[in-house]
Structure formats: structure tokens, C-alpha cells
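Notes to accompany the following structure.
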């Protein structure tokens, strides 16, 4: 009897399961124009907080509604949830019509096939690919494929420094090379104050920094065929150089090894550290009560010479892309909305508010971005920034290598030696965790 | 109200012995409770004091006392994130999940505790085994099922409060059933028998006699159900959207791209926890009033 | 489920059934044609169980079966869009997961061991503190109500709020913990890291116990209500002191409650995701890399759900085995005690 009942229970379970699997996940269908009057838009958190983002975006969306009659339903998705939400949308086919993505995710998300590819025809509808900065478009999908998104906001790294602390330590100009950084740093790091801030437990931040350094050493984290190549001499040298700023050179405070929530900006604003490598930090400094004349900005350091392409790269191309979800029921409206968001006018307004750099060339040249840090960020972006590897396994790479660097920082902070061997071992472990 | 309970000498809860406890017991109790109180209270104090500090205080070196008292965080929390909406969402979801879960559990526990039937073991073992499911294993499948149910029937489970309620009520259900079986078993059978003699059906006996006698157990289980739903992070992060987002996700909004508003995090946590703590206080009276003891006599 | 329940209901059975002889509604299995009254009686328990069975099927069992199916598939970002057509790859996910010489398997094993150690310590402490507090608060004394309320506060805080407060206190440079240990008491030389490195295990344990023990306290407190006062009175007459009463009456009487409580605390702690996730974020330090976070990272962060599901399935097997063994052992003990 008991066996029969158990069998019956199993039968019910399996039949339900088959029913659930039968109707599958996201249907492979492409977009339609079934509901042309509304759009759902997932924005990323760019402003001080989510409410601030809503206040900034809502008037613009109203403008769009006035122009086209399409009502945009806005949801600002916190960064902590964004990837999970995109995953949910991808597997189920139930998602927004238009969404923002971090540009480093482009290739990963492109591989799922959930985003509409931007071929020539699609780009034509929003004014052509040429309107956008080349580096920004290059960060919107794997090489040789149609981009999975369109660049919306662009950012790059710059070196922010505290003018007063420089003055007190007798430093005249911000360091332009890493050697100068160490030398300057030693002058600044004393009496409980430190030269440079770092977010040692923030995986993305670690990746961004070691990527630029790896470029300067002539390295790359993926070979030409897209296979991981973490343990090359250049990569080992890059990671070691970054971690040595804390361990060997002692110009980063050991406490920074556990920072992951932008505590280094707070330290900077409080005059505890003299420099940070950051992307568009002006508005945050203001929020922390720093006056604009308190801080200066310079290009991020290189090994020698001046920033440029190749070995003189001093920043990754950072930014936000806007993508159209393939299952949209309003394809034309979605395209129209992307066109609106990337129009000269909106690029000026939104990037101006957020402190980022327009990804549309015409808007970049606008006088509104000639602020001290705007100029540096724009110069870096156009002349000496390179996109992170656009490979499908980018998120695995960030996790594996970012965690390795985090671990090395923990070693350095605890006074354990960080050697070429230990760096190589950490990177090799990271590489073995990558999917085959 | 709690002090009233403590002060009332005739509280119905069973006491160990009428004679005064020995010194060794009193001293152990004193030391233990002092240490425990410190352990519990320090973080609570940190929350309260930090919520009254300006941002510079919480961003810098730790200090026991605020450099200046400010209630600004309590004002700012409402404009940084839509806290009130999140609070209402959490309250609806957790309350509904609790009520449903407790009712379903009472029925099931009653069946197991008072009847012999085939499949009982299968049922209890299966229910038991669901408690050990790692959430991570069925998060994605569950989500797909909800979407498919939505597509097939038009019942919106994904992204709605309903879906979250359904999910959370099952989280606490297995434990609630087990605990209630134990509590119901401890309610003497003579009670139902008496009720049956008085002409009650089985359900009448359940609700008129057994449930009132098992109130402390039911409250303990209800509190558990509520807190399970109140605190859940993983499923809420995938299954909610802006209009249904719950507190455990919403509070993360104070850690933004550029800054962590520690003082606002603490203020918001206190504000949303206060009603729950008060609710606990209220329930606690029932929990410790020893209704079972009264019913036995 | 528990033998106690079975034994207890054997006595209860007769009165519960016999007084409800009424015509059956015919909702029972036709396989056992008996008297109508019996049919109805036999159908009632199933009717009572129905809601629980339905929701469990929908939310736990069917998804579990799907999850196990996923563990036999190659489910990465290339195939995730429609998982039902993702290619099967047999046991490949499992063999990659349990290859303890390779980094993936090695990391899983490490994480598993850390989780075991963490769970045993956390459950033990939660139970110990909870039981002691419940017993000590049984008698009336000044301030008892206040303490009882305070003790429930950690439990009443949303998990995020509680854990983030501890994260705030555990900061190396600005946190309370180092301020007290180093600056004020001078116990540690130099400031220690709590959120990275080996100490993170201690930090995780402290937070977990802080958050978890009030639950044990609550359940034991409810359990104490059901111990008949007569037992204590009888013991007191026999001259048993307080300590003896606790040992001879209170603790044995709590056994049925403890059996379930400890098991739930175990499963709950073992699968805990909220605490490490809020404390450490998406990448926990190795010393505190609990299995739930590890699997989350293997599936949700890197979108490799095949491997992630395989890990979860193995975890489930392990928990099944432990739970089964636990119930067997504790139930045997109880049977002897009951008889």
C-alpha cells in the first residue's frame, strides 16, 4: 500500500514537472509591435540614490511621451539586484522593453541571445553608428558581432587629489607615472595619513585597476581566441604592482583591503587619503561637503611617458549601455526610446546631471563638459582608454581574478609577503576556475 | 505590559518550586544574564546611537557618543528610498504568509496528531525533507513555474505579492507543522473527548478546545513564520519589482554607488523594526501566560 | 513523523474517531470498501492535509525535481534562455563538482568543511544560550519582562538590518569591535581584520549566534509552558534542589521540542544565505565561504546553473543523510525514555 502511494506521489510530481518544463522558458521569438503605446524601462542607479534617479529621469520620460505618445514605465533597479533581475527576465522572457546594463556585461548578456543585436539597419534608425564614440561602441559586445547594446553614459578613470594635503607635504604636481606615484606617495603617507585609496574587497574595482596595469605591461587577460591567459608575466607583474602599493610601497592604508563600499571616497573627503583613482567622483565629493577648489584632477598614471593607446592605456572604458530586450512587444517604440536617450540634447542633459561623459561625439564637445574633471575624463576616454575583454565569460573573469586580487590584498594587509610566485599561484587558481 | 507580567506573582506559568532558589543558582543567573544582555544590547545601542549621528561621525573612527545629536537621518530616510512602500509590502507579505501558513499547519498537525491514516509517514517525512532544500536549488525553477502559471492562467505570481506570500508560507510550513504536532500532542486527549461528548465535530473540537489550549505553541510558530518572511533576501531579490519590493531588499538602497549612509541605514532599520518589536511584546503576553496550564486543570 | 507522535496518537485515536459516525460523502479511496462512517473518518485526515500537500508540491517538490533535472544539463549563459532545450550532459556537472583534486572540487570541499564547522558551533551555541536564558527567565524577578523583550529584539530586526549593523561594527579602522578590543581593552595588538582573512569565520559565527539564539529561546520558552507544574512540586517534595529539577525534569521534558528545534537550527544554519551574503557580499573570504554563498557564486554570479544545481543536489543528499541519521538516533533514544 505504502509503495503504491509513494508511486502515485512520484507520478504526480513528475507530471507536474513535465507540465512546467513543457512550456519551457523564454520563447525564442523576436520582438513585435503588439503594444505600441507603452514601454517598460529598467534604469540603473546613477545618481545619489534611487529616488534621485527617479527625479532626474521622470521629466525626460515625460518629454518622450509628449513627442511620441508612448508612456514609459520606469523602474530604477539597484545594482545589487540588477544581474539577478536580468537573469530572471532572460530565462522567462518576461522583462522590460528597454534596460540599462553595465557595459562590461555586454558580451556575457550578448551570449544569451536575450538582447536585440544592433546591426547596421538598427543603428540607422537611431542616426547611425558613427554618431557614437568608437571606444564606447567597442564596449557593447564581442568583437566581430553586432553590438548587443548602445552606449549611453561613458566614464573613465582619473586621479583625484587633495590639494591641501599635497601642499602640506610639499608635493607640487600630481604623479604622472607609477614611479612618481610611489615617490610622491611616500611623502604623503605619514602621521596616520595615506597617499592612495583602494577598494580592495570590491571585485570590479580590482579588475578595473589591474586591467589598466596589465595593458601597460603589454598583457591581456584573454588571448586572441578568447581563452583565459591570466598567468602571463605581464598579468602577474600588473597584479603585483597594484598590490605592492599597499604591501611593499606602503602608500595604501592596510585597512583598504576590506573596503568594498566606497569607503575610500569617505577617507578622501575626510582628508585621510590624498588620492583616489575614480570615475566621475565630483558629485560624491560635493555630497561629502568638499568644495570644488579643494580637489584637483589629473590623468591616471602610466609606466612612463604620457597616456595614449597600447602600453600607455590608463583606464578601462567604463560606462552604461542601453539595450532592447528581444521579447519586447513594442520594438519600434523601444528603438525610438533608445534614439531619444542617445539624442544630442538628452545626452547633454543626462550626462551633465550624472557627471559622466556623453557617448555621442557631438554632445561630448559641448561646453558643459569642460569642467576640470570632465576634460580629463573625456581626454582619457577618447585617447587612452581600452575596453575590458569583451568575452562571454567576462563575469566569471571578474569574479575569479577580482577574488584573487582581494585575497592578495588581504595577505599584504596582514603583513604576509606578496611575491611573484604567490601572485602567479593566485592567478593560476583563478584561471582553473574558469569554465573550460 | 511586560513589567506587569513580571511583577504579577500569580502568573499562571508553571514555576519550578515554591522554595527560594539557592545562591549558586542566583549568581549563575545574574552573571549569565548580564553577559548576555551586553551581547544583545551593544549592537542595539550602536544602531540607536548611530542613527542619531551626523554622517561624518559614522564615516569616521568609532565613537560611543555622537559629536552632535541630530534627527536628520530620520527625516532623510524617507526621501533616499521609498521606505514607507517597502514597509507596507513587507508587512502585507509577512502577515499574509503567516496567517496562511499557521492555518494550513494547524489542519495538517491536527490530522497527524489525532488520526491514524495511511501515508502519514510519507507525509511527515516529505514535509520534513522540504525544510532541508537549499533555496538556491529551487529559486530558478520556482521562478520559471510562476512565470508559466502566469502565462497559462493569467494569475500573476511572479513579481506580485501573491507569489511572494505563497513562497514564504511554504518556507515556514514544514517547521510549523512539526512544532504544532508536538504542541498538539501535549494537549491532553480528554479535552477533545469531552468536546466530542458535548456534540462537537472533529473541526469543532479542534477550534473550540485544542487551538485555544495550544496558543503558546501557535504563537511561537506564527512569530517564526512572520520573521522568516520578514527577513528573506534571496528570493525577494529576484521575485520583486519596484512596486512589490520588500524591506530586506529595500534597505540595501542606503548603500548606493557612491556612499553608504550608515546613519540612515540604522535609522531606517529602527523605524521599521519598532512596530514588529511592539507586536512581539504584545504576543509575548499570550506566549507566557500559560494558557495550557489553565486548560489542564 | 516522530514515534512520540505516533505513540501518543494511538491512545488518542479511538475517542477522536468513534464519536463522529455519520454518512460518508464518498471522498475516499474506492479500493477499501468499508462502512460509510469509516470512509468519512478515513477521508478527513487527507482533507486536512490537502492544502499543505498542494503548496508543498508547487513551491518545493516540483521545483526540486526541475532543479535536479537542471543538474544534468549544460546550463550556461549560452543556453539559459530556454532551459528545457539546453543540451543534456549526463554526469559531467557532478564529476566536475566532486573532483577534489581540481580547483572547483577542492573549493567546494573547503566550503563544505567550513560550513560544517560553522553549523555545529552556531547551532550548539544558539541552543545553549537559548535554553539557559529560557530557564533563567522562568522565575519571576524584577526586570524579567524587560529582558525577555530585549532578547527578542535581534530576532525582530530584519536580517539585513541586523547583519549590516555588525558589518559596521566589524570594520577594521572605524569599527566598534577593534575600538573596544584594541583601543580600550588592549587585548589585541594592532587592529585586526574581521571581514577578510581568517577572522571572518569568527565574525560570521558571532553574527549568526546573535541573530539565531533568540529563536531557540522563544521555542524553549513555549516548550516550558507545557511542563505540568505538578512535576516540579512533586520533585520539590522529594527534596530536589533547583539544579536537580532542571536536570531531572526540565531538560527531559524539553526533549521532543529539542529534537525538532536542533534539527531546524541545523538545516537553517547550514543553508543560511542571508547572513554571509550581507556580511561579505558576493565573494566571501575563504575562511567564511559558506556553501550557500559558494553555490550562489557558482550559479547566479557566473550563470552556470548546471554546476550550481549539481552542487545543490549533492548538498541535498548530504542533508537527507544527516537528517535521517539524526532522527533515527534521537528517536531511538526517545523511545527508550518514553517506555
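Keep in mind that glycine also has a Cβ here, set from the backbone N, Cα and C atoms.
Unlike curated records, TrEMBL annotations are generated automatically.
Residues C:310-329 are the range that TrEMBL records as transmembrane segment, among C:290-309, C:310-329. Per TrEMBL, the listed range annotated as transmembrane segment is C:201-224 (candidates: C:201-224, C:225-248). Segment annotation: TrEMBL labels transmembrane segment over residues C:149-169 (candidates C:149-169, C:170-190). Checking TrEMBL for transmembrane segment across the ranges C:18-43, C:44-69 points to C:44-69. Just going by CB pairs under 8 A, the stretch in C:112-137, C:149-169, C:201-224, C:253-270, C:310-329 that sits most against the transmembrane segment (C:44-69) is C:310-329. Counting same-chain residues at least six beyond the ends of the transmembrane segment (C:112-137), those with a Cβ under 8 angstroms from any Cβ of the stretch are 144, 147-148, 151, 201, 204-205, 208-209, 212-221, 223-224, 246, 250-251, 254, 258, 261-262, 265-266, 269-270, 286-292. Tertiary proximity for the transmembrane segment (C:201-224) is limited to same-chain residues at least six positions away from its ends with a CB under 8 Å from its CB atoms, namely 114, 117-118, 121-122, 125-127, 129-131, 133-135, 137-138, 148, 151-155, 159, 162-163, 166, 170, 194-195, 250, 253-254, 257-258, 261, 265, 268-269, 272, 275-276, 279-280, 287-288, 290.
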